[in-house]
Amino acid sequence: MPISNPRKRPICVAQSFLSKHATKAELSQAVSRLESLTQQGIRLPFDLLASLLQQCGDTKSLKQGKWIHRHLKITGFKRPNTLLSNHLIGMYMKCGKPIDACKVFDQMHLRNLYSWNNMVSGYVKSGMLVRARVVFDSMPERDVVSWNTMVIGYAQDGNLHEALWFYKEFRRSGIKFNEFSFAGLLTACVKSRQLQLNRQAHGQVLVAGFLSNVVLSCSIIDAYAKCGQMESAKRCFDEMTVKDIHIWTTLISGYAKLGDMEAAEKLFCEMPEKNPVSWTALIAGYVRQGSGNRALDLFRKMIALGVKPEQFTFSSCLCASASIASLRHGKEIHGYMIRTNVRPNAIVISSLIDMYSKSGSLEASERVFRICDDKHDCVFWNTMISALAQHGLGHKALRMLDDMIKFRVQPNRTTLVVILNACSHSGLVEEGLRWFESMTVQHGIVPDQEHYACLIDLLGRAGCFKELMRKIEEMPFEPDKHIWNAILGVCRIHGNEELGKKAADELIKLDPESSAPYILLSSIYADHGKWELVEKLRGVMKKRRVNKEKAVSWIEIEKKVEAFTVSDGSHAHARKEEIYFILHNLAAVIEEEASRT
């Protein structure tokens, strides 16, 4: 049927054009027509404008969203109706402009529940929980969405006390809950690692009949795993009738993080379908366990099966290469990334720098750092400074820190740790003390136990025990294992028996099963010729069933890394003769180098 009114023809054409482009997300072209349509006196339908605003928000197209807002003002809608105002609020919040959203909200003639929830949700997603709370408290009425938003907002922010308070108040309000009501509670369980809280949440989900919800069940399993309760996690897993890939991966990750790689790999093999995340969970577990070779074997198998690695897969495998100082494996991973056009993120680039450094190729580390497109991430600088520290280049590390500050990159707590280590390994006591003061005064970094441990190591290695004791007395907290370890380490270097004995006693109290304090104290006694105390200490270790951890060494033979321990000499190591031959040659090189110095 032909359009009789000629004024309606451009409206229909415009509507058709904009609708078409909105569905294709070609917002720039669609919105660019608004000005010409306005000049023709065409007022667009509300539902079309609402649809465009929603797409602007979803694609974070702020410029186009503002054009639509301007179109509304020009065409006489300085105060749009409730529908359009709600969409404007949503668009501004999604585009990270909560102040603009607040202006729209304040100018509304009539607000509905969706308007209030939109503001609360927007503030929560922007991390502005104080403002979200103010709006929530001002609401004339609330529904399940209002309460769910506040619970999950506080839980994700790590404010577990407030999250639980809101959850309890919500349940007391009498408003009917839904499956999403447990999402915030379970997020709090995962973050708090409180077993009793998780059991209560598990019980409530079970009673409510929502255990079939895969997301909730996955959170319950994750919470049990983080509490170290793998039996409960596995029981929950076994009771599930529907298991998706995320459930399997969560349980595998739980076993891997607790070091039970046998259970993790068994479950991995039983998986009906595997994805890059499940492969990465297993690889990362072996890296944490110190089994770099096994992690790299899995990576090669993953590639052979055509599974595409993700960013965390690369960072884990590069850490595996670094842990066994295998430059060849690290280069292979780097080469694969280049061949497959992988654009590495900050963590992967830092892992590359670290891998090359620990594999003895500092030049390659510096080359990777130089070609970084964006050096505004503090992680790059920290890793490079740490690499220079590992190679004993303290002065160069200090120059790198100066460059970092000139580049207007704000140092963080890790920066202070790595620069103190750099100064410690190069004997730069004055420079280390200067940066310790500078970081706290100029950059607002509050020193923690790890920073003081580094400072003690710096002073102790240089033999400045008076200054060391003064710093210990000035600490605003009681020493923890980091600090006592640092004290014992420097006492071992300088043979300070009295302070070393005190540090060892404190470490044994903190971690009775660790053999490290016994061994270091035993070395101090041995250096002083006090063999009766050495024997006595060994007797104490035997009585308390403290076993010395075996030190593992790696050596590359025919492009394969072989691991061996001291005790392997008396056993049938598969490649014992080849290892002996290489070690004999290395010893000869070391003796020759030593004779030259």
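Note that Cβ sites are derived from N, Cα and C of the backbone, with glycine treated the same way.
Feature list (source: Swiss-Prot):
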- 483-558: region 'Type E motif' (REGION)
- 559-591: region 'Type E(+) motif' (REGION)
- 81-111: repeat 'PPR 2' (REPEAT)
- 112-142: repeat 'PPR 3' (REPEAT)
- 143-177: repeat 'PPR 4' (REPEAT)
- 178-212: repeat 'PPR 5' (REPEAT)
- 213-243: repeat 'PPR 6' (REPEAT)
- 244-274: repeat 'PPR 7' (REPEAT)
- 275-309: repeat 'PPR 8' (REPEAT)
- 310-344: repeat 'PPR 9' (REPEAT)
- 345-375: repeat 'PPR 10' (REPEAT)
- 377-411: repeat 'PPR 11' (REPEAT)
- 412-447: repeat 'PPR 12' (REPEAT)
- 448-478: repeat 'PPR 13' (REPEAT)
>> With Cβ-Cβ distances below 8 Å as the criterion, list the same-chain residues six or more beyond the ends of the repeat 'PPR 3' (112-142) that contact it, or say none.
In response: 82, 85-86, 89-90, 92-94, 96, 98, 101-102, 105, 149-150, 152-154, 157, 159, 173, 175
>> Within the repeat 'PPR 13' (448-478), count helix residues (DSSP H, G, I), strand residues (E, B) and coil residues, in that order.
In response: 23 helix, 0 strand, 8 coil
> Within the repeat 'PPR 6' (213-243), how many residues are helix, strand or coil going by DSSP?
Replying inline: 23 helix, 0 strand, 8 coil
> By a Cβ-Cβ criterion of under 8 Å, what residues six or more beyond either terminus of the repeat 'PPR 13' (448-478) are in contact with it?
Replying inline: 413, 416-417, 420-421, 423-424, 427, 429, 432-433, 436, 485-487, 489-491, 493-494, 496, 499
>> So if I exclude everything within five residues of the ends of the repeat 'PPR 5' (178-212), which remaining residues of that chain have a CB under 8 angstroms from its CBs? That is, six or more out.
In response: 144, 147-148, 151-156, 158, 160, 163-164, 166-167, 170, 219-220, 222-224, 226-227, 229, 236, 239-242
> When you scan the chain for residues with a C-beta under 8 Å from the repeat 'PPR 12' (412-447), skipping those not six or more beyond its ends, what do you find?
Replying inline: 378, 381-382, 385-386, 388-390, 392-395, 397-398, 401, 404, 454-455, 457-459, 461-462, 464
> What is the three-state DSSP composition of the repeat 'PPR 11' (377-411), stated as helix, strand and coil residue counts?
Replying inline: 26 helix, 0 strand, 9 coil
>> Return the average pLDDT for the repeat 'PPR 8' (275-309) as a whole number.
In response: 94
